[in-house]
Amino acid sequence: MTNHNMQSPTQPVTARVSLPEAKPRYMRGIKEPTREEWCLGILILAGLIAFPFFDPGYRFLSLAVSTIFTAIALYGLSLQFGQAGIMSVGHAGIMGVGGYTAAILANQLGLGFWESLPLAMLLSALAAAVVGLPSLRVGGQHYIIITFCFCALLVIALTNGGTFTGAATGLDVGPIPGVFGIRFAKLDNMYFLCLAALTISIAVTFAIVHSPYGRTLWSIRENEPLARAVGINTNLHKIGVFAISGAFAGLGGILQTYYLRHISPELYGAFPSLYLALMIMLGGARPLYGPLIGSIIVNFLPELGGLDPIDSRIAYGVGLLLVILLLPGGVSGGLLSLYRRGTKTRHRLEKGRGLS
Amino acid sequence: MEIFLQQLINSLSVASVTILIGMGITLIFGLAGIVNFAQGEFLMVGGMITWALVMAGVNFFVAMVVAMLAVGLLGLTAERTLFRFTLTRPMNGFIMSIGLSVILQNVVIRTLNEVQKSITPPVTAVWTVGGVDIIAMRAIVVAITAVVVAVTYFGISRSRYGVALRASVADQDTAALMGIPVKRYVTGVFVYGSVLAGLGGALMIALFPITPFTGSVIIIRGFAVSLIGGLGNVGGAVVGGLILGLVDALAAQYGFPQWTDAYSLIVMIVILILRPQGLLGGTMGPRAT
Amino acid sequence: MNLLTVENLRTGYGPVTVNRDVSITVDAAEIVTVLGPNGAGKSTLLRAISGLLKPRAGRISFDGEDVTNLPADRAVSRGIVMVPEGRRIFVDMTVQENLRLGAYGRRDRDKVEADLRRMEAYFEILAQKRQQKGGELSGGQQQMLAIARGLMARPRILLLDEPSLGLSPKLVKDLRGVILDVKATFNAAVLLVEQNAGLAMSVAARGYLLHHGRFVASGPIENLRDDQMMRDLYLGAAQKVA
């Protein structure tokens with residue numbers, strides 16, 4: 001019924017397909033990463049792991065932590081937008097649901113990070129699914145406006161939530177309880193925790209994109225009436241991806257809360273959502289490392305470029321315009337096509353050499 | 001009761017500004033299929049220009065006209081350099097408008113500052129009508145808006161250009177086959193929508209202080225107004241604005257003040273759930289082939 | 001000199017090429033038809049000539065002037081008018097508004113009212129229904145409205161894209177009369193794209209047969225009728241118009 005033969009267009013043709021019987025049951029139908037993807041992944045992972053050991057200093061390390069939990073939320077958005085084609089500027093609001101769930105649980109029930117984690121992700125997934133419902137009935141741009149208004153509404157609700165939500169000043173949380181003797185109050189350890197979460201997020205994203213479910217999402221994105229005609233329950237699939245995307249955002253949100261040890265409403269208003277959308281457009285939604293690149297660019301550019309916040313926002317805006325006009329796949333998409341062109345020339349050269 | 005009437009006029013004056021933005025958004029969407037996120041910033045720029053000129057001693061109404069023209073020019077530039085490339089992919093245009101709004105907002109912060117700007121209203125009289133005190137400036141704002149709405153509405157429904165505009169919205173290709181220069185109309189609508197926003201900004205600063213962030217606050221209401229009436233339906237934007245004005249008046253009177261903004265959003269969500277295409281029925285964007 | 005000359009036209013959408021190396025001519029007082037099965041590229045050809053689609057290669061000349069890349073709204077003022085496939089009536093506008101829109105591109109605005117009355121005189125049904133919305137008309141009436149709307153532009157050549165689609169045999173007969181009158185009464189050349197070979201061959205003097213974007217046969221109608229290619233392509237599908 002669903003189209004299993006669809007190859008994801010961004011993957012090179014050199015994909016190796018392993019025998020179904022050899023894979024564990026939950027992996028069946030999921031494509032294996034290509035050689036290039038493994039290499040790139042290992043490189044990036046190695047770089048990220050090594051990063052703290054180069055003594056970057058407190059500022060850069062905290063920037064890195066911010067980059068990482070933002071990227072986690074972005075991976076959720078990349079599934080929603082890149083795979084299913086539904087953009088939202090309400091994603092920061094969903095992060096807020098996750099973060100506030102954790103903060104409220106901590107302040108009201110005394111639950112710590114590890115206990116709140118599943119609940120935060122669950123509630124975010126639920127919230128995202130609910131916010132996603134309108135998209136089933138209205139068009140893309142209408143829906144984006146609705147998500148924007150959702151964020152505004154959320155901020156108002158949080159600001160007026162009294163002591164329950166901490167109102168405008170927000171809530172504080174304690175540090176993450178240590179496990180196996182690792183104290184997470186130390187920034188380095190926080191960094192590695194987030195990095196672990198990021199790695200899992202990227203792996204899950206990859207698995208979903210290359211699973212039958214992911215391919216069905218892509219077919220819905222490409223031609224929804226056709227998908228419905230072949231019997232795919234498009235609504236259910238869409239709600240599903242909203243929920244998954246929400247879970248990612250919730251994870252990012254709770255990490256953010258426990259990193260900042262504080263949460264307040266303006267973190268999740270309309271602007272942060274816009275910047276999330278900006279990051280995913282800049283970085284590129286479809287290539288696997290696009291969201292990470294987008295987050296890195298937006299978070300590190302002001303530091304490295306020596307720009308103050310105002311100028312850097314102008315730069316982001318201009319960057320966004322340029323990306324739309326020139327690089328529809330974002331920076332990572334551009335890099336990917338550069339790479340492909342490079343390999344094509346290399347193959348042609350090798351072939352030529354082989355003949356002569 | 002008198003207080004309620006007073007509140008109504010006050011809310012109507014705010015609603016006027018929202019209606020002006022909403023009309024611009026809805027017009028541009030109807031013809032170009034693009035939701036212009038930067039419409040709020042256009043309004044803010046119009047207000048800032050008005051402020052600057054009035055501070056320099058220019059008569060308010062002259063400043064208002066200059067602001068309208070300047071923002072119209074801004075819209076023209078944006079359409080020619082950015083949006084015209086996205087007519088076939090409106091989603092890209094929408095995202096670009098987000099980028100444009102970020103740029104405009106921060107450029108204004110950079111050139112001016114974040115401090116709020118205000119002017120003394122050009123008309124400070126208070127009229128007493130039937131025992132009710134009405135602030136003259138607010139009534140003037142409502143009057144100007146009413147005139148603009150009437151002109152726009154009749155322009156679209158009666159004039160030759162209006163018919164051609166509606167044809168272009170209904171079927172771009174066939175409209176071209178009639179000899180209608182659709183692309184020029186798209187540009188024209190963009191400019192008109194921008195001029196409306198500029199006017200809104202000038203009227204706004206006559207009543208309230210504005211900051212560089214005013215745009216992003218007002219755009220939410222602009223969206224709400226357009227969606228309530230139906231995106232693409234100009235009459236709908238007007239109706240939406242009036243409804244929100246009413247909601248505001250009621251909220252100020254009977255509701256919790258901190259939730260004021262929320263009421264309009266909730267109303268919008270409820271209406272959209274019951275009738276996604278808006279109260280008067282909007283378009284889904286221009287239909288080409 | 002021919003009124004319309006198309007030389008070596010190449011059209012396409014995205015990665016797909018539709019017309020390859022297509023050349024046709026139409027004289028000022030001719031009715032010419034382009035025949036072919038579905039997907040042959042007939043509509044694409046008309047879209048290119050009318051200016052809705054930019055050709056990839058080749059040349060289109062009208063009355064000696066190069067109009068290859070002329071956009072549709074400018075082509076109308078030159079006298080190239082198309083009645084699109086599926087009629088494309090403005091359904092929310094009245095019959096009269098539709099007709100007036102047809103004359104939108106005209107400079108001689110004072111003559112428009114006279115032409116409007118002329119159309120209503122010729123197409124009686126349009127006079128009866130003049131204030132009704134376009135969407136309330138039947139298929140056949142919409143087709144007449146579409147053609148009248150096209151004629152309101154005072155075309156020198158009228159491009160008709162599959163006007164018989166969805167019409168009953170009786171209406172097709174009426175349509176035949178109208179097409180002949182476009183030339184006889186309204187003095188416009190006609191380029192008729194049709195799947196209904198019977199209708200086409202009963203009005204046209206010359207024809208072209210399009211298959212997979214290329215011409216495979218052309219010539220006077222009598223020759224086409226007997227052509228083997230025609231028979232192969234239309235075996236069983238040809239409808240005779242009495």
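Any Cβ shown, glycine's included, is placed from N, Cα and C.
Any TrEMBL annotation is an automated prediction that lacks curation.
Annotated features in TrEMBL:
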TRANSMEM  A:37-54  transmembrane segment
TRANSMEM  A:60-77  transmembrane segment
TRANSMEM  A:84-105  transmembrane segment
TRANSMEM  A:117-136  transmembrane segment
TRANSMEM  A:143-161  transmembrane segment
TRANSMEM  A:167-185  transmembrane segment
TRANSMEM  A:192-213  transmembrane segment
TRANSMEM  A:239-260  transmembrane segment
TRANSMEM  A:267-285  transmembrane segment
TRANSMEM  A:314-339  transmembrane segment
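Counting C-beta pairs under 8 angstroms (sequence separation of 6 or more), the transmembrane segment (A:37-54) reaches the transmembrane segment (A:192-213) with 3 or more such pairs. Counted over residue pairs 6 or more apart, the CB atoms of the transmembrane segment (A:117-136) and the transmembrane segment (A:239-260) come under 8 Å in at least three pairs, which marks the two as touching.
A:239-260 is the stretch from A:60-77, A:192-213, A:239-260, A:267-285 with the greatest number of Cβ pairs below 8 Å to the transmembrane segment (A:84-105). Counting Cβ pairs under 8 Å to the transmembrane segment (A:143-161), the stretch among A:60-77, A:192-213, A:267-285, A:314-339 with the most such contacts is A:267-285.
The largest share of C-beta pairs under 8 angstroms with the transmembrane segment (A:239-260) comes from A:60-77, of the ranges A:60-77, A:267-285, A:314-339. Long-range neighbours of the transmembrane segment (A:267-285) within the same chain, counting only residues 6 or more positions beyond its ends whose Cβ lies under 8 Å from a Cβ of the stretch, are 70, 73-74, 77-78, 81-82, 87-93, 95-96, 99, 147-148, 151-152, 154-155, 158, 253, 256, 291-298, 316, 319-320, 323-324, 329-334, 336. Remark: the transmembrane segment (A:192-213) makes no contact with the transmembrane segment (A:314-339), by the rule of 3 or more CB pairs under 8 A. Sequence-distant contacts of the transmembrane segment (A:60-77), counting only residues of its own chain at least 6 positions beyond either end whose CB sits under 8 Å from a CB of the stretch, comprise 51-52, 88, 91-92, 94-95, 128, 187-188, 190-191, 194-195, 197-198, 201-202, 204-205, 244-249, 251-253, 255-256, 259, 276-277, 279-280, 283, 285, 291-292, 294-296, 299-300, 303.
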